[in-house]
């Protein structure tokens, strides 16, 4: 029954998505314009007016997909893993890297197809709009434009519609808790990439729109007359100009050179998106805003739910300090909170910064750690250095004098199901701190290796600069010892140091032991509860959308006077825009109160106890000296040759279903992607069939 329900919901999602995309394709045509005018005339006489029609047709389909998606994910969570089918070889080949470039990145067939279709859609929209404008050829009377000036003016105007299309999709990739992108299984790295591409395209088209318009104004000496206009009806030019300047500021401060070195500047200026969206509403009018409103609506809900989720704060239970200036933080977790390996949580430590949230891959797993959740933090920046100093200062502090470190937690966020269990064999490639998502994956598979549906063989390639970084393998040392039952092979590459005749066990013996410290829990009695259930989130989204529509209709009937002429109905009005903002604010406020009530029902339990503090360090020390570690390899003075690794792994496994997961620096990802692309063409398994390599890139940094 559950499987049939999932199938029905999936078909419904596909139909709604197809209808929404068809709407965007038909919107620039004369056919749609004629039909839409008639539909608006009929809806004006109804209770909901044209506002209800615009909301239902342009906005609600995406919100409906989010609501249905929540229900689908709720059912999928309860689906047994044995029912989850492996991906077909065609889909695997389509999702594998086809183009690798240091500037563009790693693009699969799916990326190239989606990007090409979107570019074709933009070209089609621009062509359809401009060709219709050229057919009418109605020069602006007040400007007395010549033919080429009129054409240039219309082309600049239509560039604004391309920016609108990009803005409609801009916020969807960064919905951490909403279901739109989680349904597609897109990782955090991919979501940020799409958001960046769409933002850049939007700023580009908006700049063309603004520069072209100013050029025509300058040709006719009308800049001073036009640019300061804030009329009650029609386009508000001043709002558009300020919106463009705001978008340029956001884009410039988002560049990697500024974002990485001046994070505070990036963080503060990025919140100017609120100003930009409000000014876009006043510039384009409510009818254009309904096209981009789905992303704004879901993003506002997502943001508020995340704020509520991160309150109240919990505290750090313990911390392990590694010799390579990395620390493993352990936080309390509600045993009912379940997450998939390679999931990500966002942490904020108010004693360091009250605004900065940083993402980290979870190293624990629900199968083993029922009451705790852990992450490994490498000291590489200002925030992480401050955290390391706080932890390090507590190592030699007496137990009764140790401080309590409050921490706000947001997440976990991850795929609805662990995709790695779909493959017969796994090839994991990590560089430096990129080992963290694989710690949870190895621990999850090791604790369930006897069950069906899990990989038969795993090979872990770990590249580090110095041999001391190998200590980050400590959390999975117990699983590396059981080679016969749990088929995992480790190959470590130390790239910047040279030694001969050294085994992994001998290297670990040279590294100082990790030190563990435990903190006071007096500052908080709450555990990490995670996001709300999908069904509750679906209910909140539904209540918000219905409340917004009812408020908007009520305000328009009670505040806005009825239009006497149809031309008055078509002109955008600042008053209507303000009513839309008020309806949106009240609807979000009501949803926030509902979410707070739901949240506080979940946080009544006390902090879970933390035990077995003393045996943990002793156990780790004994594992380092185990001779079973000699079964694994360590190499010095060079980087891994991924072509040879792929070839050897194919020969060893003899399987055709190989999942390749990589997490590390970009050059490493590009090398693995290139090797994966070559292996798809050349490698064959023992039966003479070509092996299917499915490439997945993991990341947790912006």
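Keep in mind that glycine also has a Cβ here, set from the backbone N, Cα and C atoms.
Note: TrEMBL annotation is automatic and uncurated.
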Transmembrane segment range according to TrEMBL, out of 32-51, 112-131: 112-131
Secondary structure content, the domain 'FAD-binding FR-type' (300-419) (per DSSP, counts of residues): 26 helix, 40 strand, 54 coil
Contact ranking winner - 55-75, 152-174, 194-216, 265-282, 578-598 against the transmembrane segment (7-26), Cβ under 8 Å: 55-75
Any contact, the transmembrane segment (534-558) to the transmembrane segment (55-75), with at least 3 Cβ pairs under 8 A: yes
Considering the transmembrane segment (578-598), which listed stretch of 55-75, 194-216, 265-282 counts the most C-beta pairs under 8 Å: 265-282
Residue numbers, six or more beyond the limits of the transmembrane segment (236-253), whose CB comes under 8 Å of its CB atoms: 199-200, 202-203, 206-207, 209-210, 226-230, 259, 262, 265-266, 269-270, 272-273, 275-276, 279-280, 282-284, 574
Close approaches to the transmembrane segment (194-216) from elsewhere in its chain (Cβ under 8 angstroms; 6 or more beyond its ends): 115, 143, 145, 149, 152-153, 155-157, 159-160, 162-163, 166-167, 169-171, 173-174, 186, 223, 227, 240-241, 243-244, 247-248, 250-251, 254
Chain residues outside the transmembrane segment (265-282) and at least six past its termini with a C-beta under 8 angstroms from it: 167, 236, 239-240, 242-243, 246-247, 249-250, 253-254, 258-259, 289, 292, 296, 355-356, 574, 577, 580-581
Long-range environment of the transmembrane segment (55-75) - Cβ separation under 8 angstroms, sequence gap at least 6: 2, 5-6, 9-10, 12-13, 16-17, 19-20, 23, 172, 178-180, 182-183, 290-291, 293-295, 297-298, 416, 533-535, 537-538, 541-542, 545, 548-549, 552
